[in-house]
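The structure appears right after this line, and notes come after that.
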């Protein structure tokens with residue numbers, strides 16, 4: 001059961017990253033490979049605020065959210081907007097570049113060593129026969145709540161629906177009066193604020209370490225592809241499947257097989273359902 | 001533009017596949033000036049992920065140069081230290097080295113990289129140029145005097161370190177040993193090293209590996225726990241050390257742990273709560289143990305002070321001690337060779353007579369020979385300490 005909790009915890013981490021991929025994708029149309037670094041911003045903010053300056057947690061979360069949002073908006077202005085209308089997928093290169101810059105800045109400011117972050121008390125609880133930590137349960141709850149929240153917002157709010165319309169046809173959406181540039185900025189801002197806010201909780205599990213964003217970018221992408229690109233519910237399902245398959249393969253087949261099992265399942269699902277588990281079988285981002 | 005999931009996945013996967021790494025080497029024909037200064041070149045990753053470690057290595061090198069220059073230098077030549085940043089890139093390392101080998105200020109000695117990848121890339125050029133070199137990297141393939149006659153290692157590889165740890169475990173009555181290491185090149189080597197070390201000892205080994213990019217190690221720890229071992233030997237570096245200790249505590253597993261030198265160098269007390277360090281020992285050289293002050297080599301105190309004077313020591317002191325020793329060993333070899341000709345120095349290193357007191361700090365003797373250019377470890381070089389906070393690069397706790 002402890003392995004199940006570990007799998008669910010890591011699945012939640014992958015879900016959170018997949019959600020931020022989806023958020024920029026739906027509202028902006030950009031697959032942002034720096035998205036996992038928004039959590040890095042939150043993680044290091046937590047280390048600086050909680051450990052180095054002993055600030056209250058709400059203040060640290062606020063600073064993390066603001067910094068995450070600012071970094072994301074800056075990325076949109078510098079690495080995405082100038083490429084609009086040029087065609088191709090050059091933003092994949094520029095977002096990878098932004099990701100590298102954020103990781104490099106973290107090394108320059110805080111060094112390469114992992115830094116400990118404590119957001120909630122470090123205890124171990126026995127839940128349903130397995131050992132789990134409060135921060136891990138919190139991550140699972142955040143992943144579920146955020147998924148439902150983003151799903152409802154995307155499908156019920158005017159901005160969410162505008163994003164879906166933009167995803168369907170950017171030119172048509174613009175003709176109907178949707179401010180595509182504003183949406184793009186909004187997509188990045190939401191992803192950045194979300195990463196900055198959740199990053200501190202994530203860092204209690206993963207540590208604040210400059211390389212973590214690059215590591216999570218890959219698994220988050222797999223979770224998103226597995227669940228269905230653009231689908232928030234799919235992100236939750238994909239992240240959970242990746243986390244559980246990884247944990248149980250590592251436990252029962254050996255640690256060399258965790259990644260292999262994840263990729264085999266991804267390949268199988270994409271062969272059988274190329275649009276992912278929770279998409280509607282047609283190439284549409286919802 | 002219409003965005004389809006299929007296109008997004010394909011282009012995304014292609015972007016994630018952007019990975020670069022390469023290495024190559026070459027030789028030079030210049031010759032060092034045997035009457036001018038003794039030029040030491042450090043080719044180290046002074047920027048990037050290992051920058052702090054590299055800076056500490058530079059402090060050790062500079063401290064040794066200050067000490068030796070106060071006594072006339074190496075073979076009567078004052079030491080001059082220069083450094084180049086290879087950015088942890090083997091190709092960059094070779095390129096920067098080659099330009100120095102071909103230049104007017106050719107080095108007499110090169111501290112060649114902080115990792116095996118950098119060193120292995122530079123060794124062909126160094127061998128071709130017949131320039132003495134050393135490194136703190138410990139890949140065993142570098143210990144090949146026929147292939148790399150002018151290269152001497154300053155850190156024992158884990159085959160020796162683990163053999164010593166196994167002898168320590170025998171005194172503790174260990175019958176089943178669990179071992180965990182990453183699945184990268186170093187972890188795989190470490191796994192083969194422990195397999196060899198337990199052969200013929202009667203100790204049963206159960207081993208698990210982990211992905212070096214993993215962020216949760218509950219599963220492999222749980223698999224090891226099911227074998228009911230008497231002790232866990234943990235190999236890891238950086239966050240993996242925290243993940244191992246965290247998973248052990250989460251599993252409520254009270255197995256005693258010994259962390260290897262990489263584990264110790266990650267400063268485990270900075271990564272987890274003190275409650276997760278119960279029954280956790282680290283295998284470390286005495287030079288990094290404050291409680292072993294009484295059995296330090298005589299030069300240790302002086303080295304520690306000299307390195308600390310160059311700035312705060314945030315990493316384990318062995319990172320500075322080994323480059324410090326490299327120059328001190330060269331100094332003794334030059335005295336015994338009667339000069340600094342590379343061939344004479346190499347010969348003297350291979351049959352080094354141990355002076356009294358020794359000017360180096362980490363090993364009792366370096367004991368190089370014509371067949372082995374890595375230091376030979378004695379059990380007495382090690383200390384097994386409770387994992388505690390590092391103070392100026394040394395562990396506070398006593399065994």
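Glycine is treated like the rest: Cβ placed from N, Cα and C.
Among the features that TrEMBL reports, transmembrane segment is placed at A:12-35 (among others).
Residues or ranges marked as transmembrane segment by TrEMBL: A:55-73 (among others).
Below 8 angstroms of C-beta separation, residues 30-37, 40-41, 44, 47-48, 71, 75, 78-80, 83, 208, 210-211, 213-214, 217 of the same chain, each at least six residues beyond the ends of the transmembrane segment (A:93-111), sit close to that stretch. Among the features that TrEMBL reports, transmembrane segment is placed at A:93-111 (among others).
As annotated by TrEMBL, transmembrane segment applies to A:137-154 (among others).
Sequence annotations record features per position, and here TrEMBL assigns transmembrane segment to A:183-203 (among others).
According to TrEMBL, the feature transmembrane segment maps to A:223-245 (among others). Same-chain neighbours of the transmembrane segment (A:223-245): 4, 7-19, 21-22, 25-26, 143-144, 147, 150-151, 154, 167, 258, 261-262, 265-266, 269-270, 275-279, 284-286, counting only residues six or more beyond its ends whose CB sits under 8 Å from a CB of the stretch.
What TrEMBL records for A:257-276 (among others) is transmembrane segment.
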Among the ranges A:55-73, A:183-203, A:257-276, the one whose Cβ pairs under 8 Å to the transmembrane segment (A:137-154) are most numerous: A:183-203
Cβ-Cβ under 8 Å with the transmembrane segment (A:12-35): same-chain residues at least 6 beyond its ends: 75-76, 79-80, 89, 91-92, 95-96, 98-99, 102, 139-140, 142-144, 146-147, 150, 154, 159-160, 163-164, 166-167, 170, 183-184, 186-188, 190-191, 194-195, 198, 202, 205-206, 213, 216-217, 219-224, 227, 229-232, 235-236, 238-240, 242-243, 285-286
Tertiary contacts of the transmembrane segment (A:55-73), as residues 6+ beyond its ends and Cβ separation under 8 Å: 37-38, 41-42, 45-46, 49, 102, 119, 185, 188-189, 191-197, 199-200
